[in-house]
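Below is one structure, written out as structure tokens; comments come after it.
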Amino acid sequence: MAQQADITAMRRAVELAARGLGATSPNPVVGCVITDASGHPVGEGFHQRAGGPHAEVHALRAAGVLARGGTAYVTLEPCNHTGRTGPCAQALIEAGVSRVVYAVADPNPQATGGADTLRAAGIEVEQGLLEDEAEAGNIAWLTSVRRGRPFVRWKYAATLDGRIAAADGTSRWISSAESRADVHRLRAEADAVVVGSGTARADDPHLAVRGVDGAVQPLRVVVDTEATAVKPGARVLDDAGPTLIAIAEDAETTLTDVVRLPRAERGLAVPALLDALHARGVRSVLLEGGPTLAGAFIAAGAVDQVVGYLAPVLLGAGPAALADAGITTLTEALRLDVTETAHIGSDIRITATLKGA
Ligand code: AOF
Ligand code: ZN
């Protein structure tokens, strides 16, 4: 069983890693804590931006000579490659640490192998401490590396009876101000925010991040198959951040920042859209609506995580959060695992992952 001191140090490393969320893409979030030979914390660090020093390097710099004979706690297996920075396994060996504890194995084929290098140098290496927490904290990057496509988080806000608008189409504001602020945090964590043509037409959404300090604006993506929903002057086309309009190969448009994609039975082919985003460096997508696009993503098996804001409001009529997901009978229902519930303002936020995702 892991010692309490090990757990405390790794929990801190997981906390540190989270500080990089939204700023490190296409690289992971990573945290590191170094303790000296008697177990006292002497250095910590986290990965702050892609191309910058890795978490281990920040922590080793802070620890200096006190790292000798100590332990390094890292949320991800130390890298073994010379990429934009040197191999962290080597840096740990040179610093003289005698033990390395890491939570999650590195799935990146270019960087993996750090554990073996450390062991070959006579360092005691342990894997798996707080693996679930570290995995959850780095889920977007880990999923994108393992699957070769962006991690997709589908977010919606609905009434307690599952409706996203009233029968007459009015929808502002179902969820509380706190939930809407929370969504800006989700946007800030994502590399791209995606909506469909129905949402673009009905709401003229801006999709930029507001109210999050130091936020990097995500790529705003509108799936506008027929190229009819986004008109010149639309708010999503302003200069608050980059924008990409995805349209069908044969659609006509005067807009310039478009990507042309093959059609699917209805709308655009979701895998082709994700490939196009991945090729642009997008590692995480926040899918914001509406129900038709969410249904297309679900039907394509392209949703990894669902974040639902449920407001204590009843409507009794009006569209549901999800439409046309290709499910007709209960045996086909998608069963999810709830990973978190939270009170956000007057609402309940439910986070769930698709089984097998
Ligand atoms: C990071 N930060 O703290 C750790 C990483 O692009 P590079 O050369 O910086 O290398 C990135 C790879 O290094 C990354 O995909 C991951 O496999 C490994 N570890 N990366 O950006 C870090 N520890
Ligand atoms: Zn490294």
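Note: Cβ is positioned from N, Cα and C throughout, glycine not excepted.
If you check TrEMBL, you get these features:
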DOMAIN    4-126  domain 'CMP/dCMP-type deaminase'
BINDING   His54, Cys79, Cys88  Zn(2+) binding site
ACT_SITE  Glu56  active site, proton donor
BINDING   Ala157, Trp173, Thr199, Thr225, Gly290, Pro291, Thr292, Leu293, Ala294, Gly295, Ala296  NADP(+) binding site
BINDING   Ser171, Arg187, Asp203, Leu207, Arg210, Glu288  substrate binding site
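Scoring each of the binding-site residues (Cys88, Leu207, Ala296) by how many neighbouring Cβ atoms lie within 10 Å, the top position goes to Cys88. Of all Cβ atoms in the protein chains displayed, 16 besides its own lie within 10 Å of the Cβ of Asp203 (substrate binding site). Only His54, Cys79, Cys88, in sequence order, out of the binding-site residues His54, Cys79, Cys88, Asp203 have a CB under 6 Å from ligand 2.
If you average pLDDT over the domain 'CMP/dCMP-type deaminase' (4-126) in this model, you get 96.
The sparsest Cβ neighbourhood within 10 Å, among the listed binding-site residues (Cys79, Ala157), is found at Ala157. All protein chains considered, the CB of Ala294 (NADP(+) binding site) has 26 other CB atoms within 10 Å.
Note: the Cα of Cys79 (Zn(2+) binding site) and the Cα of Glu56 (active site, proton donor) are spaced 9 Å from each other.
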